[in-house]
Amino acid sequence: MSDEGEGQDLRNTVKRLEATVAALETRLASLEAREPPRPVLAPAVSTAVPPVAAPEQRDLEAHVGTYWLSRLGIVALIIGIAYLITYHFGELGVLARVGAGYLLSAGLGAFGLWLARRHELFGRIVFGGGLALAYFVTYALHFIPAVRVIDSEVLALVLLAGFVVAIVTIAHRMQSETVAGIALFLGLHTGMLSDITAFTLLSTTLLAAGALFFLVRNRWVIVPMSSLVAVYSTHVVWAVRTGHMAPGAPEDDRLLLSLGFLALYFLLFSVALLVRPRDLPVRASLAFTLLNWAGLTSLGAYEVSQEQDSRLFTFLLIVALAHGAGAAVARLQRSPVGLTHAYLALTAVTLALAMPARYDDVALVAAWTVTGLVAGLAARSVESPVLRGVGVLILYVALGACEWETPGRLTLLTGLVVAFVLVERGGTVRVAGLPEAQTPFTAICAVGAGLSLVALVGARMPDGLVTLGWVIAAFLLFGVGFAVRERWYRLAALAVLGLALGRLVLVDVAKLPPDQRVLTFILLGVMLLLVSYTYTRLRDRRG
């Protein structure tokens, strides 16, 4: 009976398992019916990536033919027509002069617009030439005597100003730097074909102001930079032709007129540059600053030196102050750091250039030393490594001038040693919030201090003890290096010591008298031992 009971239990268990399996199969089938069909993946098709074509190299011949020849051609054409107007339009009547000039301009401009439909760049070059020719016709109506129609200078300038505004408006609407550049450049150049007077400079100033609009508004660089060069070039011609500088006026009035124009140029280009300095490339900003400084400084110094030598120092001092103000404005405008550094460096350079106009001999070297010292020390506070480099360069100029046989040379050399060390210390001492100087700066200052010290000690030594003087200078350099804990002074001392030993072996051993030979070798040995002992103590302390 027990076996039958166990068999019944087994059968019941099997039935329950079968029922469970059937329920699971039913559940699985229902889940599979609810699942969305899986997409059938198509076999991947390998696609070959075409190789990247190498950048096409510029064809020099095509570039010269399309770019430069077109510009040179329009320049030659406009100059030729300008000469035609100057030499032959005076034979025509008043209406014929005006009508023929503007008719030529309109025809050339219309031809350029027609060409621009197929060849945009070439057509715009011709169109810009038409605008420039129209400007010259307007200029000639008063400023060229043979073609003069308008007697009023004020009216002539108003017409020129209106035409400059028209050129700027047209080029700005076309967004064409080519049209602006061709029209303004040729306008500046054709104005130089006549006698250059004060009114010629006023007209070039108007054109420069138009070019600076593009610098401020569109941030175009080539047009205003070419205008800067053209404006100062026009002034060069005007300054050389002294008879055309306000004829009949006193010399002081002519000088003030010339300097007034130079100040106006400088102010125009500086303001345009500093309005939005962060929008310009750094290289373009630096080029503007350097060219503007060079034009103002060279032309102004030339004219002041021709008229009043005693005012050259004052003029250069004013130029230096103007560039210092430019550095302050650049910093307030948060301009690129390089632009601020350039203004500061030009301030120091201009001050150094001003010193020979006031001082000479000992006073000149002292003035250069003070200028370099102040520039080098101020560089750390304004965080300008460029100004620091200029300061050190001025100190080297003073050192070179000290080599001349001037009275007070020893005092000057002592001051230079101190100046080099102070500038180096001022640039390398760690100050919270200020950047540390780089190694080359320290090395250059150490070399300058070493050369000054060698010259100083050598000037006090007798002729036969030059080598001993070098050894003493090296010993003093070691002392400075150990005192300020700067290895570059010690390396400079080692270099001087090496030169002294070479001279001692090659020259002095054979030529020195016995007494000087004894003194040189004894002092050399003592100093070498002292230096070596100092190195030994330092090594033991570190160990």
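In case you wondered, yes, glycine gets a Cβ from its N, Cα and C as well.
Automatic, uncurated: that is what TrEMBL annotation is.
The feature coiled coil is assigned by TrEMBL to 7-34.
Residues annotated as transmembrane segment in TrEMBL: 68-87 (among others).
According to TrEMBL, the transmembrane segment annotation covers 121-142 (among others).
Residues annotated as transmembrane segment in TrEMBL: 221-240 (among others).
Using a Cβ-Cβ cut-off under 8 Å and counting only residues 6 or more beyond its ends in the same chain, the transmembrane segment (255-275) has close neighbours at 198, 201, 205, 208-209, 212, 215-216, 224, 228, 231-232, 235, 238-239, 245-246, 249, 285, 288-289, 292, 295-296, 299-300, 303-304, 307-308, 315, 322, 326, 329-330, 333, 335, 339. The transmembrane segment annotation in TrEMBL covers 255-275 (among others).
What TrEMBL lists as transmembrane segment is 282-300 (among others).
Marked as transmembrane segment by TrEMBL: 312-330 (among others).
The transmembrane segment annotation in TrEMBL covers 337-356 (among others).
What TrEMBL lists as transmembrane segment is 410-427 (among others). Same-chain neighbours of the transmembrane segment (410-427): 362, 365-366, 369, 372-373, 376-377, 379-380, 388, 391-392, 395, 398-399, 402, 437, 441-442, 445-446, 448-449, 452-453, 455-456, 459-460, 480, 484, 486, counting only residues six or more beyond its ends whose CB sits under 8 Å from a CB of the stretch.
What TrEMBL records for 439-459 (among others) is transmembrane segment. Listed by sequence, the residues of this chain that lie at least six past the ends of the transmembrane segment (439-459) yet keep a Cβ under 8 A from its Cβ atoms are 385, 388-389, 392, 395-396, 399, 402-403, 409-410, 413-414, 416-417, 420-421, 423-424, 427-428, 466, 469-470, 472-473, 476-477, 480-481, 486, 488-489, 491-493, 495-496.
Annotation source TrEMBL lists transmembrane segment at 465-484 (among others). Counting same-chain residues at least six beyond the ends of the transmembrane segment (465-484), those with a Cβ under 8 angstroms from any Cβ of the stretch are 421, 425, 446, 449-450, 453-454, 456-458, 490-494, 496-497, 499-500, 503-504, 507-508, 516, 519-520, 523-524, 527, 530-531, 534, 538.
For 491-512 (among others), the entry in TrEMBL reads transmembrane segment.
For 518-536 (among others), the entry in TrEMBL reads transmembrane segment. Same-chain residues lying 6+ beyond the ends of the transmembrane segment (518-536) with a Cβ under 8 Å from its Cβ atoms: 465, 467-468, 471-472, 474-475, 478, 482, 493, 497, 500, 504, 508, 512.
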So which residues does the transmembrane segment (282-300) touch in its own chain, when a touch means Cβ under 8 Å and the partner is 6 or more beyond its ends?
221, 224-225, 228-229, 231-232, 235-236, 239, 259, 262-263, 265-266, 269-270, 273, 315-316, 319, 323, 326, 335-336, 338-339, 342-343, 346, 350, 353
Stretch-averaged pLDDT - the coiled coil (7-34):
70
Chain residues outside the transmembrane segment (312-330) and at least six past its termini with a C-beta under 8 angstroms from it:
259, 266, 270, 274, 277, 289, 293, 296-297, 300-301, 304-305, 339-340, 343-344, 346-348, 350-351, 353-354, 357-358, 382
